[in-house]
């Protein structure tokens with residue numbers, strides 16, 4: 001007895017989505033589950049049938065093989081890869097009926113056949129942005145090599161002025177059935193590849209493929225706050241599908257260029273602010289850059305090199321909304337260089353006036369005491 005068509009078993013169309021297949025399976029599984037139908041052999045067999053159908057149709061690779069070759073494509077020894085056109089292993093329906101099937105339909109498949117409709121490939125584009133562009137948002141123009149729908153035939157693959165016709169091999173059903181003795185085998189039509197239509201006069205521009213290779217320019221809106229690693233999906237902007245299939249998607253991968261002043265960590269910005277040792281000692285107010293203009297940074301007297309000061313709200317606003325991050329300014333005290341004689345003498349007088357008082361340089365004196373104890377303990 002021939003196996004029932006898997007789509008028919010689940011009560012769904014051949015173009016049903018994964019969600020529709022799952023919904024149909026759950027409904028039928030609840031209805032025919034053996035626990036709900038004890039001692040009901042018919043319900044048990046029905047449950048096994050829908051389980052087998054779901055196992056195949058819920059797996060993308062198996063579903064593709066089934067759509068191409070029917071039950072033989074997913075039986076024992078069948079090649080599981082989508083687009084695989086052979087069978088491996090021991091005897092199966094493909095081995096039994098393969099030659100007979102090809103004798104009947106093989107010649108017709110080579111004349112006026114139609115390519116199977118395939119979804120276009122997804123594309124990826126790496127987009128380099130400046131930090132300013134990433135923080136403020138921008139519109140970027142990109143140019144990508146891709147397949148686009150053939151304008152001459154509008155993606156149908158048929159010669160302009162003509163249209164695909166009903167497949168004479170399967171009568172537009174997309175499936176053909178072979179009977180050999182007690183066995184019946186249903187196969188995807190080898191001439192129209194399951195579409196039910198064929199292109200009798202292919203388009204000369206795209207050679208019946210329904211798409212051509214060219215460059216495409218797009219304007220991509222970049223939202224404020226994007227960061228390296230963020231990905232923007234442009235639905236339907238990937239490669240055009242083959243033979244009228246749906247297009248793929250374009251994924252724009254964001255990469256932020258290095259900045260001469262700022263570094264970024266999440267929503268926070270970091271920068272180094274060099275100050276003179278006099279300004280660090282006396283304290284004061286400094287002008288520091290932000291991505292929105294100048295800002296005032298107050299540093300207290302006695303500021304040490306490496307201290308970090310926070311300017312709230314001067315960082316990056318999150319891409320999904322919310323309060324802006326902070327700008328963290330690391331003070332780097334700069335030692336003066338290229339001193340003239342007068343300047344050197346002034347510094348020497350300044351050093352003498354300090355009189356090595358602990359209160360002026362507590363860390364230095366603490367370090368000296370630590371070194372002294374170290375040498376005493378080591379008995380150098």
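Just so you know, glycine gets a Cβ as well, placed from its N, Cα and C.
Taking a C-beta cut-off of under 8 Å and a sequence gap of six or more, residue 206 (Zn(2+) 1 binding site) has these contacts in its own chain: 150, 152, 153, 157, 212. According to Swiss-Prot, the Zn(2+) 1 binding site annotation covers 150, 153, 203, 206, on the basis of sequence analysis.
If you look up Swiss-Prot, you'll see 167, 170, 189, 192 marked as Zn(2+) 2 binding site. All protein chains included, residue 189 (Zn(2+) 2 binding site) registers 24 other Cβ atoms within 10 Å of its own Cβ.
Residues or ranges marked as domain 'J' by Swiss-Prot: 5-70. Looking just at the domain 'J' (5-70), the mean pLDDT is 86.
The feature region 'Disordered' is assigned by Swiss-Prot to 222-247.
Within its own chain, the repeat 'CXXCXGXG motif' (150-157) is flanked in space by residues 114-115, 163-164, 199, 202-206, 208-212, 240-241, 243-244, which lie at least six positions past its ends and keep a Cβ under 8 Å from the stretch. The repeat 'CXXCXGXG motif' annotation in Swiss-Prot covers 150-157 (among others).
Under the heading repeat 'CXXCXGXG motif', Swiss-Prot lists 167-174 (among others). Helix, strand and coil counts under DSSP for the repeat 'CXXCXGXG motif' (167-174) come to 0 helix, 0 strand, 8 coil.
According to Swiss-Prot, the repeat 'CXXCXGXG motif' annotation covers 189-196 (among others).
Look at Swiss-Prot and you will find 203-210 (among others) tagged as repeat 'CXXCXGXG motif'. Listed by sequence, the residues of this chain that lie at least six past the ends of the repeat 'CXXCXGXG motif' (203-210) yet keep a Cβ under 8 A from its Cβ atoms are 114-115, 149-153, 155-160, 240-245.
Among the features that Swiss-Prot reports, zinc finger is placed at 137-215, with the record citing sequence analysis.
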Which of 150, 170, 192 (the binding-site residues) has the most other Cβ atoms within 10 Å? 192
Rounded to a whole angstrom, what is the C-alpha distance between residue 170 (Zn(2+) 2 binding site) and residue 203 (Zn(2+) 1 binding site)? 23
Rounded Cα distance in angstrom between residue 203 (Zn(2+) 1 binding site) and residue 192 (Zn(2+) 2 binding site) is 16
Among the binding-site residues 153, 203, which residue has its Cβ surrounded by the fewest other Cβ atoms within 10 Å? 203
What's the number of neighbouring CB atoms sitting within 10 A of the CB on residue 167 (Zn(2+) 2 binding site)? 24
Pull the DSSP breakdown for the domain 'J' (5-70) and write it out as helix, strand, coil residue counts. 48 helix, 0 strand, 18 coil
Taking the center of the Cβ atoms of 167, 170, 189, 192 at the recorded Zn(2+) 2 site, which other residues in this chain have a Cβ no more than 8 Å from that point? 168, 169, 171, 172, 173, 174, 175, 176, 190, 191, 193, 194, 195, 196, 197, 198
